Amino acid sequence: MKHIRTRFAPSPTGYLHIGGVRTALFSWLFARQNNGAFILRIEDTDVARSTQASVDAILEGLRWLQIDWNEGPYYQSQRMDRYREVIEQLVKSDDAYRCYCSKERLIELRNTQLKNKQKPRYDGFCRDKAPRQSNEPFVIRFRNPVEGAVVFDDLIRGTISIDNRELDDLIIARSDGGPTYNLTVVVDDWDMKITHVIRGDDHINNTPRQINILHALGAELPHYGHVPMILGPDGKRLSKRHGAVSVLQYRDEGYLPEALMNYLIRLGWAHGDQEIFSREEMVQLFDISAVSRSPAAFNPEKLLWLNQHYLKTVSPTIIAEAFATQLEKAGTDLRNGPSLEQVIALQAERTKTLKEMAQRSLYFYQEVRSYDEKAARKHLLATIVEPLQRVRERLASLPSWEKEAIHEVIVETAQLHQLKLGQLAQPIRVALTGDTVSPPIDATLYLIGRDSALKRLDHAIRFIHQGMG
């Protein structure tokens, strides 16, 4: 079997979006399961719109998702001489020609065709004319066949046939000599020996044109697979209005790469009823021919569910660094407080993203300076001062700071003062965290640590006394 070579070829004119990453994932999986090579190519010939920041974001996003590449990144902007060479080759073989049509003529042609309810297309005006010996500006057009059809077996959609009469002579070199997209893509796929082109179905109309250029060059055709687009929950094409669409935005919002990868592979592909896939299972089970031909609808709630699943199941050690980043963004000094792994293990069941986890864990690393007004009014009452003082004294005298011993102190104090456990636990929780929501109170006390816990209880008792005064 021929050595499989796939590629991902984004344009660095914006962020790396969800649709692009899913395409990259499918292409990467196909290469990996066939022991092939995955090539990264940056299509940066649009100099005006391409930015280094976009290139950096693409590379960073792929690395975050651990979509690694065997070759590249190759940059089209560094291959201009090669494109010009191929353009000259096509002109010499009479598979391309100079077109001197003015912009005005082409606009008039288009308007006439639209008026006559015809498909706008170039009419071949310069197709059989000899090159002019003048300095008039010209573009170079590919001489598309006028007979027969382009037929190819799409990996996802099956057999596709396009009549050559539906295709006009596309421009392959602009008036400044710069190559166009359809030319550069063909040359790159040819030179890089790409065997399988897996890309979005917005490129499907380009495929017959590119196949005809490859035929003219005498090149071997790759296999093509066109992945349907992703729709928003409202059924319209996924865009910024649907929320986060940049891959790095998901990272910054506290999603795990494992969750996003798992979610994307299920967008348009399924393996029975299985929802959770390890990276190894993705490589083993993914089948490009089983990808749905219909657009997939993006479901933010499903992604959140998956993210929480991975928060609960991935080792805290693996996500500690990302959690630290979220805490630091919230202005937290991590030198004081429990280990990140301990907090992750405690909070994973209660939060859906690392960002939410960080926001709900600030009190482990910061002193509580104020209380939620409603929580204080309900729980920090004069009647609770004596039980709080008792808890504070008992905690201070514990021989060792262990969860079981802490729990006993709270239970015994509640019984002594004829309180239900919640009637004592909630005031302690407000004292420790400033609010009424936290993990179990004994675990919260344990992680906050004895010294900090005692200070916070003292502060709450003073707060109540001030209110009484």
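Note that Cβ sites are derived from N, Cα and C of the backbone, with glycine treated the same way.
Distant neighbours of the motif ''HIGH' region' (10-20): 42-44, 46, 49-52, 54-55, 57-58, 61-62, 200, 229-230, 238, 245-249, 264, 298; these residues of the same chain sit at least 6 beyond its ends, with a Cβ under 8 Å from one of its Cβ atoms. Residues or ranges marked as motif ''HIGH' region' by Swiss-Prot on the basis of sequence analysis: 10-20.
Per Swiss-Prot, the feature Zn(2+) binding site maps to Cys99, Cys101, Cys126, Asp128. DSSP classifies Cys126 (Zn(2+) binding site) as coil under the three-state reduction. In the structure as shown, the Cβ atom of Cys126 (Zn(2+) binding site) sits within 10 Å of 19 other Cβ atoms.
Annotation source Swiss-Prot lists motif ''KMSKS' region' at 237-241, citing sequence analysis. Long-range contacts of the motif ''KMSKS' region' (237-241) within its own chain (CB-CB distance under 8 A, at least 6 residues past either end) are made by residues 17-19, 229-231, 298.
Feature annotation from Swiss-Prot assigns ATP binding site to Lys240; the stated evidence is sequence analysis.
Taking the Cβ of Cys99 (Zn(2+) binding site) as reference, residues of its chain lying under 8 Å away and at least six apart in sequence are, in sequence order, Tyr122, Phe125, Cys126, Phe138, Val139, Ile140, Arg141, Asp169, Ile171. Taking Cβ-Cβ distances under 8 Å and a sequence gap of 6 or more within the same chain, the neighbours of Cys101 (Zn(2+) binding site) are Tyr122, Phe125, Cys126. Under the three-state DSSP scheme, Cys99 (Zn(2+) binding site) falls in the strand class. Long-range neighbours of Asp128 (Zn(2+) binding site) (same chain, six or more residues apart, CB within less than 8 Å of its CB): none.
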